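Report on the structure given below.
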Amino acid sequence: MSAADREMAPDIVLRAEGITKIYGGTVALDNVDFTVYRGKVNVLIGENGAGKSTLMKIIAGAETATRGRLLLEGQPVHFKSPREAARAGIGMIYQELNLFPNLSVAENIFLDHEAMRRRGFLVDRRRQQEAARRLLERLEQPIDPQALVGNLRLGQQQIVEIAKALARDVRILIMDEPTSALTTAEVEILFRVIRELKEQGVSIIYISHKLEELLRIGDYVTILRDSHRVAEAPVSAIDVNWIVEQMIGRSVSETYIHQERTPGQELLRVEHLSLPRPGGGLLLDDVSFQVRAGEIVALYGLLGAGRSELLECLMGLHPEASGALWVAGQPVRGRTVGERIAEGLVLVPEDRQREGLVPTLSVAHNMVLASLRRYLSGLALSRKKELTAVRRLISDLGIKAPSPQTLIEALSGGNQQKVVVARGLLTEPRVLLLDEPTRGIDIGAKADLFRLMNRLASEGLGVLFVSSELREVMSVADRILVLARGRLTGEFRREEASEEALVAAASAGQGPVSEKEETGEWSTGGTLQTGTADSSQIATPAASASKERCDQPRPQA
Amino acid sequence: MRNPSSLASREPAARRSFTLQRRQIQTLLFQLRAFVALIILVIIFSILSPDFLTLNDLTIVAEHVSINALLAIGQSFVILTAGIDLSVGSIVGLTAMVAGYLISQGLPLPMFGVVVYFNVWVVILISLLVGIVLGLINGLVITRLSVAPFIATLGMLYAARGLALLTSNGATFPDLGGDPSLGNTGFPFLGTGNILGVPMPIWLMILFGVVASFVASRTPFGRQVYAIGGNERAARLSGIRVNRVKLLVYVISGFCAAMTGLVIASQLQAAQPATGESYELNAIAAVVLGGTSLFGGRGTILGSIIGAFVIGVLSDGLVLIGVSEFWQMVIKGAVIVLAVVIDQLQQRWQKRAALA
């Protein structure tokens, strides 16, 4: 694209006009207009259920509109399948990653358009891997193209998904919450890639719940609410408060809630918890801490620091872990998850789809799953007792569900998360463990969740939550624990926490804090999974990380 | 606490109520789909063959069906956990042979130089125990040794059939009426007797069906079975003892297979080592026809019983109207695949509606 063209902005590449989508009796989109400007980041915002995903699916060819039309470069188009949309240069990165865990990174990236040997039916593996390596280098990720995707961390999988979209020549790239699983450093890399793509004339449609992020990367903002388009504006003309008001009609300060409480007795005590890493070394190294009644404790750290593993150890999911645990002064003896639940611990897992929800069950049945014994009358489950409990939690947590019998899959992400939290609460825990509870949920649901955490703490629960969002950690928690490479490297009271101190502690043991060092953490995750085959003599993750760093050519930012 | 968002929830709820009602009706139809098919089959056959709807004939059909239904009930629990039990046919054969052996040969105790003949009740108990133990072995291999259910039960399919052949070196134990002087008469009643004019196998099917439906839909164990089939990791994190539930599921399947073996041996008043060969496929077909997903987590016991009826009515009806045995197989195969196709279409439709 020439400089002269660029000056002729705003240049529209795609327009959706009067899009209406009706599913059964439900109106998912009501006469929505949406404009995609060429070479810009077009941000789409709205609470879950506002219709964002439906609109994107229509643009990407996964759904067809009931009414309305799409104009690509001024010409009406009708995509009957994602394949047709892809042929027209529209690519989409779904929030729920569409990767095959049983295939390698390179195979995933080139799935469906494999590099072929000339005139052959055979996939040219070497060429494919070479191309994949180049793509990943462009994304500055030392991910082995031959590694199995299932062995990668979520954040790394996200990068693979982006590489997959880049491998096809796209002119419009839809990104549905691309940063929800990324650390700060990875987000920077992604943004750099996005700016690069813009330079090349690629138009981005960007969906995210992280408002600051949108203001940084976005050019135009379109806001959906309740199936309607409520506003469109250039980013230069607006601020966070405006967005929030348009979205939900309330202000930001109501999202990150913190109430003052005086902590009570000690509810959870962890001493000398260590977890061996398969293949040598330690995933968790002599971790000790406590959580008191009425206290919200955040566990901050980079991806791969061992945060999820720590919570899993508390639930008895790693029998190979050593150390001692007390709940409310009582030593924890149970080995199975069920016994740990009975002793007052419960976990809301990080990956809702894979570990939280049972998609085949209803909202009610999902909710009571961990506390079935409480609804027994004689040998049978009492429907009345179940429904009473379910109804109470639905209204307590403000879960938006048509009925308790609705299939869980029909709910929005935020509401699904609330159901998983409700399942935990029905076990009447002493300590609630939450692993990235706000991942992929909208700001309204976030506010609800934080409000709930505060209320539970006031009621005398101990709350321990894992998060990689600094803002969330600093504004919601009473106390912050920082984990780096399996060690506790910092503990801050709310008043004494600062962004710099937290980031420094999270990167402890990795030399001076810099972006490079943080991305180095990546390779730790990678080495952990891809095994010791190629680096068998290397014992410590730090050493292997630096080795991989040396191997990777790293362009300057 | 009054949540502002709980107020907001009312509006979309009202908007969705219409869809919900329609979906409920659809779900109902979906569950009754096999039943509708059954009624259509009965109507077709009774038009084509005037004998079909006579009470006598229906009882015979129901008797045939009961065998598949018993197996399908056990198989349902396994498939609901996303497992599969290929060994039920062989377990049928082995339990039939064990019962036949104990009644006709007795249990020789060489060290005392005597042969013990058990009372029929004890024979039944021992045979059921054999089924339970084989199911337990299936379950242990699957949960403790992490062998895929398909492989573990395939192994059992061969092993149990081999054991069945070994009990008699391949011969048949005829004449299981028992000997009054040995006090072991009465075995044929299980398969041929009747109470209130209804044959015993049908009573057994009703008993097993009612108990299994209750267990599946109303007890914590049943709920756990569905949860494991839907998402095993989520079930584990909810404190469900996944391995224990899976173990029990194969025990139930083994138990149902043993009951079936007893019924067949009793009906024939003879035990052949080939009893129950390929019955596992009938059972799986019945379960699938009844709307249970092979991926687990979805389906009902009643559905499986209706599925068994569809298969039974289809094969008996085709015989009655004189369709050749070979064509019967072709038709049966087509019906099974068709059922799953409809199931898939239905699911796709439901999902699309749910994602609105």
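Any Cβ shown, glycine's included, is placed from N, Cα and C.
Among the features that TrEMBL reports, transmembrane segment is placed at B:28-48 (among others).
Marked as transmembrane segment by TrEMBL: B:60-79 (among others).
Within the same chain, residues 71, 74-75, 117-118, 120, 123-124, 126-128, 130-131, 134-135, 138, 150, 153-154, 156-161, 163-164, 167-168, 172-176, 178, 184, 187, 253-254, 256-258, 260-262, 264-266, 270-281, 283 sit at least 6 positions outside the transmembrane segment (B:86-104) and bring their C-beta atoms closer than 8 Å to a C-beta of that stretch. Residues or ranges marked as transmembrane segment in TrEMBL: B:86-104 (among others).
Residues or ranges marked as transmembrane segment in TrEMBL: B:116-140 (among others).
The annotation transmembrane segment is assigned in TrEMBL to B:147-167 (among others). Through the fold, the transmembrane segment (B:147-167) approaches residues 78, 83-87, 89-91, 93-94, 96-98, 100-101, 134, 137-138, 141, 250, 273, 275, 277, 280 of its own chain, all at least 6 residues removed from its boundaries and within a Cβ separation under 8 Å.
Beyond the ends of the transmembrane segment (B:187-216), by six or more residues, the same chain brings 59, 62-63, 65-67, 69-70, 73, 76-77, 80, 99, 103, 120, 123-124, 176-178, 222, 225-226, 252, 256, 259, 262-269, 300-302, 305 to within a C-beta distance below 8 angstroms of the stretch. Look at TrEMBL and you will find B:187-216 (among others) tagged as transmembrane segment.
The transmembrane segment annotation in TrEMBL covers B:247-267 (among others).
Feature annotation from TrEMBL assigns transmembrane segment to B:301-320 (among others).
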Hey, which bits of the same chain come close to the transmembrane segment (B:60-79), Cβ under 8 Å, at least six residues off its ends?
-> 85, 88, 92, 149, 199, 201-202, 204-205, 208-209, 212, 216, 225, 229, 249-250, 252-257, 259-260, 263-264, 267, 279-280, 282-284, 286-288, 290, 292-294, 296, 299-301, 304-305, 307-309, 311-313, 315-316
Go through the chain and flag residues at least 6 beyond the ends of the transmembrane segment (B:116-140) whose CB is under 8 A from any CB in it; none is fine as an answer.
-> 85, 87, 91, 94-95, 98-99, 102-103, 106-109, 149, 152-153, 156, 160, 178-179, 182-187, 190, 246-259, 261-262
Per the Cβ under 8 Å criterion, with at least 6 residues separating them from its ends, the transmembrane segment (B:247-267) contacts 63, 66-67, 70-71, 73-75, 77-78, 80-81, 83, 85, 87-89, 91-96, 99-100, 124, 127-136, 138-140, 142-143, 153, 176, 187-192, 200-201, 204, 208, 212, 221, 225, 275-276, 279
